[in-house]
Amino acid sequence: MRAYYFDNIRGDQRLPHDYVPSRPVSKETLDKLNVKFWIIPVEGYETKVDAVAAERGYKHRDVINVSKEAMGEIYEKKIKTFFEEHMHEDEEIRYILAGSGFFDVREASTDEWIRLAVEPGDLLVIPAGIYHRFTLDEANTIKALRLFQDEPKWIPYNRSEETDFNRHRIEYLKAIGVGA
Ligand SMILES: [Fe+2]
């Protein structure tokens, strides 16, 4: 997984949007945002993913395929929804099995976007309460394992004044030591 600041230049969301020169983001910076990731080779991934899942209490999982072929008519609409800036009241955990894409996460202290370019083998944990969004890249396809604790609470709450006061948002900011 490669992490860098998003250049904010208008245009196709599927392009890399890397500054020239690039502004890489370190693992330490991601740690401070409570964004966690592991690299687990896809070949024989089951045991290692099972271990992380057991350690973190993710009891359930399913597989999501995001591509025009897999999604059909809802594809365009879904792609737009995924790219709306939002938060969840639960962690969003994804293990990339095939394809690639971009998760953008907001750095709370600067309000800048950090782009996470994911590829097969990346296991990513996006914490509850962080503002984020997702897009495919120009290859237009990704297959990911979604892990979750109990009932998935993946309702996206689009960023608004209301979400700024969401309990999970406030707890997140407290956890990373930003704001109040
Ligand atoms: Fe999300």
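If you go along the chain as it appears here, the first residue is 1 and each next one adds 1.
Each residue, glycine too, has its Cβ placed from N, Cα and C.
Record features (TrEMBL):
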{"type": "BINDING", "residues": "H86, H88, E92, H132", "note": "Fe(2+) binding site"}
{"type": "BINDING", "residues": "H86, H88, E92, H132", "note": "Ni(2+) binding site"}
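A map of TrEMBL features onto the structure.
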residue	record	DSSP (3 states)
H86	Fe(2+) binding site	strand
E92	Fe(2+) binding site	strand
H132	Fe(2+) binding site	strand
Give me the long-range Cβ neighbours of H86 (Fe(2+) binding site): same chain, 6+ apart, Cβ under 8 Å, in sequence order.
Y131, H132, R133, P156, Y157, N158, R159, T163
Among all protein chains shown, how many Cβ atoms are found within 10 Å of the Cβ of H132 (Fe(2+) binding site), not counting that one?
22
What is the number of other Cβ atoms found within 10 Å of the Cβ of H88 (Fe(2+) binding site)?
20
